[in-house]
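Asks: OK, TrEMBL features for this one:
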type	residues	note
DOMAIN	68-179	domain '3-dehydroquinate synthase N-terminal'
BINDING	105, 106, 107, 108, 109, 129, 130, 142, 151	NAD(+) binding site
DOMAIN	181-324	domain '3-dehydroquinate synthase C-terminal'
BINDING	184, 247, 264	Zn(2+) binding site
């Protein structure tokens, strides 16, 4: 068992990395005394993990009810959120109850937003089942749903009471979903730590990743994110912006393709490669740094094919990104592996020129 403390001033909590359900129950009882638990999951996870997860809680003396939202980005909607309010009321969830997010990033985002707003806030626990959620979205308190206008338009910051990461769940993921999560893992290497980059390059090139390697990736990723969140919980000072490396173009790609062609991690991988190319074109980094980004993404299994993407439309979507200020483009860019610039303003013309070249080179 490993524990990472997220030392926030008002809502500190622990990230528990353990395959033991006894560890989970013990941690749960420390922060939660009432008996009423409302589990939010998606249609895929429900088939595999819902019963066994619910049984763990029932054996510990808790009363459980649940709601299932559609799997994928289609479940990250106002409609899903509305259905949770109705189902929770029917289940008798009160203000002393607890919401558990059992699933990937979409489930965590929706369940967290629901917990933050149901009866003005109930306790919330993250139990991520995907590599992406384990290494990124379950930590930090960001919650949101998408609207017709874009990704994460409606949301809030709402920290969990704790996070339970059980890497056993990774055994049920297919190769594409594992690769999806690796995008967020390599993000930390690009922006924080050259030594972590070297480790990932070695492991991914060998192509053999077991429980020990995954647990190490999870621990390192969560540790990096926890330290950033402690310094800038709600994106006030700008410190937290570094976590958005690759996400400006990623969100535009997801919105443009209506969340149907690319998984989030696939879009982030594309966004990181574009950001590295933009860094090179702006002479912020050398060609070696760009090639190192490309090499690690290739080692992680990412192959880019951007047919039918429109550079001008992607540019307009990027200008609507929540990180933009007065419609000016803002990016996280690289100076070197492990060294980044968190809030770089880039002229439309420069961003578009690089984007057109990037799309042309990756058809």
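Our numbering is plain: 1 for the first residue shown, then up by one each step along the chain.
Placed from the backbone N, Cα and C atoms, the Cβ positions cover glycine too.
Buried or exposed, and what's around them? Tell me for each listed feature.
Replies: If you draw a 10 Å sphere around the CB of residue 109 (NAD(+) binding site), it holds 24 other CB atoms from the protein chains shown. According to DSSP, residue 109 (NAD(+) binding site) is assigned to a helical segment.
Under DSSP, residues within the domain '3-dehydroquinate synthase C-terminal' (181-324) fall into helix, strand and coil as 102 helix, 0 strand, 42 coil.
Non-local neighbourhood of residue 184 (Zn(2+) binding site): 131, 132, 135, 136, 137, 221, 265, 268, each in the same chain, at least six residues away, with C-beta under 8 Å from its C-beta.
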Asks: Do you know the DSSP helix, strand and coil residue counts for the domain '3-dehydroquinate synthase N-terminal' (68-179)?
Replies: 51 helix, 32 strand, 29 coil
Asks: On the 0 to 100 scale, where does the mean pLDDT of the domain '3-dehydroquinate synthase N-terminal' (68-179) fall?
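Replies: Mean per-residue confidence for the domain '3-dehydroquinate synthase N-terminal' (68-179): 96 out of 100.
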Asks: I need the neighbours of the Zn(2+) site defined by 184, 247, 264. Which other residues of that chain put their C-beta within 8 angstroms of the C-beta centroid, in sequence order?
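Replies: Neighbours found: 105, 132, 136, 137, 183, 187, 246, 250, 265, 267, 268, 271.
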Asks: Where residue 151 (NAD(+) binding site) and residue 264 (Zn(2+) binding site) are concerned, what is their Cα separation in Å, rounded?
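Replies: Roughly 11 Å, rounded to the nearest whole number.
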Asks: Around residue 264 (Zn(2+) binding site), how many other C-beta atoms are within 10 angstroms of its C-beta?
Replies: 26
